Amino acid sequence: MDQQSNKAHRPANSGAKAEKKSKAKGKEKQHGFNEKAFAPKSGRRADRQGRRNVERDQTRLHVPLVNRTPDDQPPPVIVAIVGPPGVGKTTLLKSLVRRYTKQTLNEVKGPVTVVSGKKKRITFIECNSDLNSMIDIGKIADLVLLMIDGSYGFEMETFEFLNILQSHGFPKVIGVLTHLDLIKKAATLRATKKALKKRFWTEIYQGAKLFYLSGVMNGRYPDTEILNLSRFISVMKFRPLVFRNSHPYLLADRLEDLTPREQVRTSKGKCDRTVTVYGYLRGTNLRLGTKVHIPGVGDLSMKSVTALGDPCPLPDADSEKRRKLSEKKKLLIHAPMSDVGGVVYDKDAVYINVPGSFTRGAADVPQGEGEQMVMDLQDVKTTIEDQVAQSQIRLFGSSSRPLSVQAGPSRLPDDSDDSDDGSDSEEDSEDGSRSDSDVDEDASDGFSDEDDSDMEDDGAGPSDRGRLSMRSVHRSMGDLPSHARQRQEVDYADSDSDLGDDNDDGVLVGGQEEGADLPDSYESDEQMVDDSDEEVPKWKSDLAAKAHASFTQDSRRNRRRDWTKLIYMTSLSPDEILLDKQTRIADAGGGMGDEDFFTVIKKSGEEVEEIDTSKDTLSPDHLKVWEDEELLDSLRGLFITGSSAEAAITGEDDQVEGSDAEEADGEVDADDPQATRAAALAKKKEALKRKFDEQYDDPESAKVDFYEEQKDQMARQLELNRAEFEGIDPEARVLVEGYRPGTYVRIELENVPCELVENFDPSYPIIVGGLLASEERFGYLQVRIKRHRWYTKTLKTNDPLIFSLGWRRFQTIPIYSLDDHSIRMRMLKYTPEHMHCYATFYGPISLPNTGFCALNTLSSEVAGFRVSATGVVLDIDRSAKIVKKLKLTGVPYKIFKNTAFIKNMFNSALEVAKFEGANIRTVSGIRGQVKKALAKPDGAFRATFEDKILMSDIVFLRAWYSIQPRKFYNPVTSLLLSQKGHWTGMRLTGQVRREEGLKTPTNVNSTYKPVERPARRFNTLKVPKKLQAALPYASKSKLVKQQHRQTYLQKRAVMLEPEEKKAIALLQQIRALRKDQVARRKEKQEQRRVTHRQKVEKEEAKKGEKEKEKRKQHMRAAGMKARQESGEDGGRERKRRRT
Amino acid sequence: MAQPGNVLNFSGHLHLRSRLVLSILSGKAVKIDHIRSEDKNPGLRDYEVSLLRLLERITNGTVIEISVTGTALLLKPGVIAGGPVTHDCPLSRSIGYFLEPVIMLAPFSKRPLQLTLRGITSDDRDLSVDLIRTVTLPQLQAFGVSDGLELRIRKRGSPPLGGGEVQLICPIVKELKTLNFVERGKIKRIRGISHAVRVNPQFSNRMIEAARSVLNRYIPDIYLYSDVYKGEDSGKSPGYGLSILSESTTGAMHCAEALSQPGVAPEDIALLATRALLQEVQRGGCVDSHHQTLVLLFMVLGSEDVGRCRMGEPTARTIQFLRDVKMAFGTTFKIVPAEKSDPASTELVYSCYGVGYVNANRTLS
């Protein structure tokens, strides 16, 4: 093809186009960063700007927290969907599950786990509107999808939930607005969105994400909107919350009852159950021996924990390779409690069946016989062996224990995994027959027999008990004496040959003692030591001092000892552990006979008794060896002045850098000393180089700020945590560090109340929260508390209150108090209006700084806001120091100058003695002091005052009476009820009386009576005649006798003058006229008032009618809406409470 | 207030102190029976009762029940309160016996502890107050217990009559730091205190001379202080002793001491102490045998991270302690040889996963 030649383009040099271009060019110039634009105009401004930037940077920083969740296999993120009933939670959950797995769930119950990415899984859980569920979900959710009905607005539950979240560490929240299609007018829609967003932002934070889901199509939300939401979920980053970062926890996605059926039957279902729960471990490592709390049930102890295969594993390279093209194959979902395939949930395992070639659930579709059979097979979730194991057969009805079999020692490692049980059932049967044949060998494995039986359970769960149980019992019945003998063997650890044999073919291979391989026993080890004894090294004889030889020999032996095993796996006493080493030394040297050995252990307290000392007594004879110069010189290498060559003699090779001791621990071949020296030299050089580099090369790296330093330190520690137990085998690892978060575990719980199983409802979440050692205890907690401003009542001391604190929900009786001048805690009857106060109550201990919220009721019938208070734990103690004021009153019965005798304050001299020196006061404010008890009236005392008091004064003593909160703790056992929302705790007295129809008893002394105050009589003042005479006139009492005769003024007759008479008459007439006038005026006014009142009444009536009409209209609209909703969605039963 | 399942059961009179400490720290009740039940003089000794009393005083809400015969004991622990406490120790044991458990508890109390103890300051059964001051307390610094940690020796008191007085001031911590101490370094200095009360002050100098005669070959940085108390501060009985310690470049400390015995020359006492120190040094590790339990306990109580420490072989006391720790906290140690390449080395690395013990007694204001 020949080239086509086109005319070259000539850009226009003039005209509109050229102008436009040139303009654009000019604009382009301004693109990008213009340095001048932001240059400060003045130095001061530059300074201010700089400071502002630094401050802004600081606000971005958060206290660095260690994230204890492993990065490689993190547990699924819990996404909780929360909202009022009828808002569309289930629809959203279904839509999201559909988005991730391309499957539609029919009914969702319990958590649903899906794989959402290469390294991410999500557990979705729907939260019902019960307050208990909301509290529990709030404690575990990593992300909350808070659903709000856009057509209705916020509801009370939403705010309650937000307050619960706030007090238990705020997880991430995404708001989801639904039902927006019900708003028809665009302007209203916009306004509603805006208003709701504003409210949401004030609740969460400015700029919090709020999603809008428009309408429901095909029972789902639109795919694009769900896609957007899922993208937001996937990029969400989670900051570790303090409480969850210090507690292990688990959201149970499956619950199984393991109680023997027979026991259930005989006890009519009322016996305590043994229950297993399954789920992903979260938070921190779950150690053995910790207690757990299930909110709504109580504290339980774990019988065993087993790590299971991940039911919803992350895709790895291997699984990617195996992935089929059929798209549904790759999408995993794990939701044992949801009955997706039409399988009814019972207490046994039910998984969602991923529809492959058959589609399940459609019962009306006719199925072939073969299909039916395959489906039946799919229904079977446990192998026969499992079922047998769980059924726990009894040989006789009266047997105290169900049959069980201890797995043989050689089977331990490969049976730990439950997931492959189904496949190797025949293998198990082989094992069974083998173990039958060599009964003795199996049973003689002492450690699995007795003290470490729980470990055994860990290793081989009940799943491999099934078939073997019969045999085990036969055996134990057959040769009981042999059992006893074996026990003896274990206790005293006499080495015997068959033990050794047993272990030789077992796991242990000579010399392989990486840390702690558990299953092998101490005996084999001992044997190994013996072996090494026989080949006593020649080089020992080179040393001059015999003692030195003994030291090195000693150490040579010790290297072979596995201390972890010796300490934890044997029942040897510490002395025996240390001593048997010494005896063997003696044997090797041939110095000490057997008799000598036995004299070491003294028999009775006749001799010096063994005492608890921290210092060994120094024996000069033993230390004599240090007189030897050679031995002294051998230590030179340990000192800073000694050379490293000398160090090599004693073998105390020092390490220059210990920070990377993993390297030192690593595999350095010991055989070639040349190589080791070279390696050591290389390491030293490396360290020196690093040091040099740090100092000279990179000045930036040297000056990291505090924040970075802390983060680095945490990262280093996490790295160390990971590295330290990397190599050791899983069982030993579990023993040392527990189960790591992200593991799918099965926890067996003992003594679970039967109601949990009987009244199990998968829509209520079951959370297993690990407790710290201190949290199992009880005590008095002092908390800082504030009544919620939306809670309408005040809180009263000694009224029961429901707390949600830590994992627990419980009812207790707080006493409120305030700090009184830092001297005392003074009781408050009621919580203050807008202020924090203290509350002290009895309950399970939580660490200081744990947040909580308190509620007065959990019932959903209450109209108002239910979260009544929030706060934080301050202090934990075994006693409370709250006081209330007590005033003791007394009256004086004898008064001297400044002294008075007071009675009626105390009852006995002993009481007075207790209060000697106490401050007292009269009502008039005269202060005084209690001096000493008086003999005569009981409880009377002498007191002195700063002034003379009156007989009429009341004397009072202000004292403080200490009160203790009531020891009342009532856990909210909501999960045990058949109606989970109707838990009622202790009621108030008034409430009880009201419900029982009782009248309040009245105290006679408390009734009000008219106060009688008798008139006070005073005696006449009598002045003695002598004194009277001596007084000056002015001071003399003027005693004049009363006149008994009328005076002149009284008895004279008065006659009026005619003018006067006239004047008086006139005044009288005027007054009469005036009176009449006023009366008439009043009458008229009254008439006017009556007419006005009538008028007003008329208007009122008119207004009322209008109001009534309005209300009618509103109710009609509301009713219509309700009817509409109930028609479209069954989930919306309850009437809403409007905020 | 422990729940019924939460009782640690022990028997025998040995390791009483560590068991009580574990009980108080873990909050589990402890029940100890068979306390010298086979003995001619059965039951608790006066010093053990005194220890219980001391523990009751520094805690709040502790319930101690002792059986009629004194051979069984039940302790339900309360919270560690701290604050100013004074206690008179009986003359059967030295103050060190009481200080050791208290040091394990004090950092976790509600208020900083100011404990005054009166009695014998040093004897040959327990660590003397000198070693506690110079070695034990610096060990705590590695765990972040440092500000204001102090032991004041007001008066010295030798056995048999005692008359000494010390004051322990211990700050409180929220959480212990995780220990990672695997390099032992090389010994860079040797320090010592040679004390003498109610004897010729020259004794102290004679001991120093003798100790130097052995140690001078290793290192020049040796300071042995002569600490002579006079008058009222010197207690009621005569006595003298030498306590020495070595410190390495990484802060690893080893210590030993010897105390006066009738009929033994001060030089011999000093040699005894010196040789004991050399023996300790030879045992190796970053922590000497006296302080193994303390360091191991604080490793267990550290944050939920891996703590590591290099030590010599465990003593019998340590072995039992490790078992008791497993009962109380469920923590198991991984114990491996420090240097696998070197067959002669007896050093071990103890590593454990801390329980994340937080001082719950601390008051938040």
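Residue numbers in this text run from 1 along the chain shown.
Positions of Cβ are set from backbone N, Cα and C atoms, glycine also.
Note that TrEMBL annotation is computational and uncurated.
What TrEMBL lists as compositional bias 'Basic and acidic residues' is A:17-34 (among others).
Residues annotated as compositional bias 'Basic and acidic residues' in TrEMBL: A:44-60 (among others). Long-range contacts of the compositional bias 'Basic and acidic residues' (A:44-60) within the same chain, counting only residues at least 6 positions beyond its ends with a Cβ under 8 Å from a Cβ of the stretch, are absent.
According to TrEMBL, the feature compositional bias 'Acidic residues' maps to A:415-430 (among others).
Summarising the annotation, TrEMBL assigns compositional bias 'Acidic residues' to A:438-459 (among others).
Residues or ranges marked as compositional bias 'Acidic residues' in TrEMBL: A:491-505 (among others).
Annotated compositional bias 'Acidic residues' per TrEMBL: A:514-534 (among others), in sequence order.
For the compositional bias 'Basic and acidic residues' (A:1080-1110), the number of residues in each DSSP class (helix H, G, I; strand E, B; coil) is 31 helix, 0 strand, 0 coil. Feature annotation from TrEMBL assigns compositional bias 'Basic and acidic residues' to A:1080-1110 (among others).
If you look up TrEMBL, you'll see A:1122-1132 (among others) marked as compositional bias 'Basic and acidic residues'.
Look at TrEMBL and you will find A:75-239 tagged as domain 'Bms1-type G'.
The region 'Disordered' feature in TrEMBL is assigned to A:1-70 (among others).
The region 'Disordered' annotation in TrEMBL covers A:395-537 (among others).
If you look up TrEMBL, you'll see A:652-671 (among others) marked as region 'Disordered'.
Annotation source TrEMBL lists region 'Disordered' at A:1080-1139 (among others).
Long-range contacts of the compositional bias 'Basic and acidic residues' (A:1080-1110) within the same chain, counting only residues at least 6 positions beyond its ends with a Cβ under 8 Å from a Cβ of the stretch, are absent.
With DSSP classes pooled into helix, strand and coil, the tally for the compositional bias 'Basic and acidic residues' (A:44-60) is 17 helix, 0 strand, 0 coil. Helix, strand and coil residue tallies for the region 'Disordered' (A:1-70), in that order: 34 helix, 0 strand, 36 coil [DSSP]. Predicted-model confidence for the domain 'Bms1-type G' (A:75-239) is 92, expressed as mean pLDDT.
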